[in-house]
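J.: Handing you this structure, nothing more for now.
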Amino acid sequence: MNESVTVRGKDRYKSGVMEYKKMGYWEPDYEPKDTDVIALFRVTPQDGVDPIEASAAVAGESSTATWTVVWTDRLTAAEKYRAKCYRVDPVPNSPGQYFAYIAYDLDLFENGSIANLSASIIGNVFGFKPLKALRLEDMRLPVAYVKTFQGPATGIVVERERMDKFGRPLLGATVKPKLGLSGRNYGRVVYEALKGGLDFTKDDENINSQPFMHWRERFLYCMEAVNKAQAASGEIKGTYLNVTAGTMEEMYERAEFAKQLGSVIIMIDLVIGYTAIQSMAKWARKNDMILHLHRAGHSTYTRQRNHGVSFRVIAKWMRLAGVDHIHAGTVVGKLEGDPATTKGYYDICREDYNPANLEHGLFFDQHWASLNKLMPVASGGIHAGQMHQLLDLLGEDVVLQFGGGTIGHPMGIAAGATANRVALEAMILARNEGRDYVHEGPEILAKAAQTCTPLKAALDTWKNVSFNYESTDTPDYAPTPSVSV
C-alpha cells in the first residue's frame, strides 16, 4: 500500500472506532522535515493484523491517538501533531517482522528531557495488544533538538587533559569480588591495581552502602589508595566512586563527599533513571567531575532483537543526557555484542557526525551539533592476551577494564595491572612503528613477555580464552550487488 487512505473532512471526526491508517497516522507521501524526530521500530504484528495498520497504530499510540475518535482533536493542530508512519519495509531474513519509519513533530517533545522523549517513544505503545512484539531500533534526533541538551559533562578531550594521558586507551579494573570486601581490603585492591600501572579502578554496579562496607568508609579508603598510588607512580589516577543511592539527595551527598576527597570521577548506574542521570550530569559539569555510567539493567530490554530498545538508542540518549563514560561492549569478552553492532555503538559515542551505516546498525545520519564526545568503556571477560584485538576493534579512545584480568592474576593484583600496562604499551609501540599488530599480536606479546614476568604469567594463565557465542543482536540488512555503469 503506497497511497494514503486518510479520511478527510467531517467524516474524520465521527464518533466511533476507526483504523489508525485512516486517521492520518499512515502517510506514505510524507517527506520528513529536518526538524522531525524520526524513530525506526521493528514491528511484529499479531497473526492476521495488517503490517501497515500495525505500524500506523504505533505512530498513533506514541503520539496523539487513543482507541476511539475524540472530537477534542479539533481543538489542536491535529494534523501537525500526529506522528506519521511514512515507510514500512519487511525486515530482511525475518518473516513477519517489519521496519516502520515514523516521524514526529519536534513540538511534541520537551526540550532537554530524555524522560519526556521516552514517555512517548517507548511508553504505552509497547503493551499494545495487536502487536506480538515491538522494538525501537534507531532514532534520528534533529540538530534543533540535540542543541537543547548539555551533552557529556567533560568529554574525551578534556578527560585526557585532566588525566594527562594521550595516544593510547585508558586502562581500568573493576574491584573483585564486587561484594563482601571490607573498606580496608577494598582500598588495598585499589592501591595495588593503580600502583601496578592502571589509570582507573572502579566500583561495580551493585556496590553502594551495605552492612559489610558503608559508602563513606569505601570512599575514604579508596581515595587514600589513589593518593598513595599517585605519589608512588607520578601519574594521575582515579577510582570510580559509585554514588548510586535510593534518593537524589543521597546521591548528591555522596558526590559532594567524593569531590571533597579530591576524586576526579564518580559513577552512577543506568537503573537510577533518565532524570536522575541528567541531574547528576549537570552536577558533574558544574563541579568539574568526570561522570561514569554503568549500564546495569540495559540487557533486560536491549538484548532481544524483536522486543525492547536497541542499545544504539540508549547510547544516543546517554550522550544527550551528559555522561562521560558508558559501557559499550567488548566484542571478545563475556558480554553480548557482535563486532559490527558494537562498532556502531562506539561510533555513536565518539564521532561528531554519524553517517547512516546499515552494516553497523545505523539507519540514519546523525549530527551531534558539537556535543562533547562520550568515552566508551570495554569490560567483561577481557585479558592481556587480547590486547591486539581490542586495539584493532575498539580503537584508541576507549577505557579497557580488566577486572578479573587484573585481580585474578596468579602473581597478585599489582602484577596483573603491570601485565596489562606492558601489553598495551607494546601494542601501541608496534602500531606507531607501522607494524601489522593485528596479525603479529601474539608475537608482539610473547616478545614483551620475555622481559616482563607478570605478562608471561598472564599469557600462560589465560592463553586464548575467549567467549565465542552467537550474538542475539546483529544488524538486519541484506547486501545487494552494485552495478557499475
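For all residues, glycine too, the Cβ spot is worked out from N, Cα and C.
For reference, Swiss-Prot lists these features for the protein:
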| type | residues | note |
| --- | --- | --- |
| ACT_SITE | K176 | active site, proton acceptor |
| ACT_SITE | H294 | active site, proton acceptor |
| BINDING | N124, T174, K178, R295, H327, S379 | substrate binding site |
| BINDING | K202, D204, E205 | Mg(2+) binding site |
| MOD_RES | K202 | N6-carboxylysine |
| SITE | K334 | site 'Transition state stabilizer' |
J.: Name the residue among the recorded positions H294, H327 whose Cβ has the smallest number of other Cβ atoms within 10 Å.
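T.: Relative to the other recorded positions in H294, H327, H327 has the fewest Cβ atoms within 10 Å.
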J.: Could you round the CA separation between H327 (substrate binding site) and K176 (active site, proton acceptor) to a whole angstrom and send it over?
T.: 18
J.: Does E205 (Mg(2+) binding site) have same-chain partners at least 6 apart in sequence with Cβ under 8 Å from its own Cβ, and which are they?
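T.: In sequence order, K178, N242, T244, D269, V271, H294, A296 meet the Cβ cut-off.
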J.: Could you state the CA-to-CA distance between D204 (Mg(2+) binding site) and T174 (substrate binding site) to the nearest Å?
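T.: T174 (substrate binding site) has its Cα 6 Å from the Cα of D204 (Mg(2+) binding site).
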J.: Work through the recorded positions one by one (N124, T174, K176, R295, S379) and name whichever has its CA nearest to the CA of K202 (Mg(2+) binding site).
T.: T174
J.: Measure from the CA atom of K176 (active site, proton acceptor) to the CA atom of N124 (substrate binding site) and give the result in Å, rounded to a whole number.
T.: 40
J.: If you run the three-state DSSP split on N124 (substrate binding site), which class comes out?
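T.: In the DSSP reduction, N124 (substrate binding site) maps to helix.
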J.: Determine the Cβ neighbour count for N124 (substrate binding site): the number of other Cβ atoms within 10 Å of its Cβ.
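T.: Taking every protein chain into account, the count is 11.
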J.: List the residues of the same chain that sit at least 6 positions away from K176 (active site, proton acceptor) in sequence and have their Cβ under 8 Å from its Cβ, in sequence order, or write 'none'.
T.: V189, D204, G403, G404, I407, G408
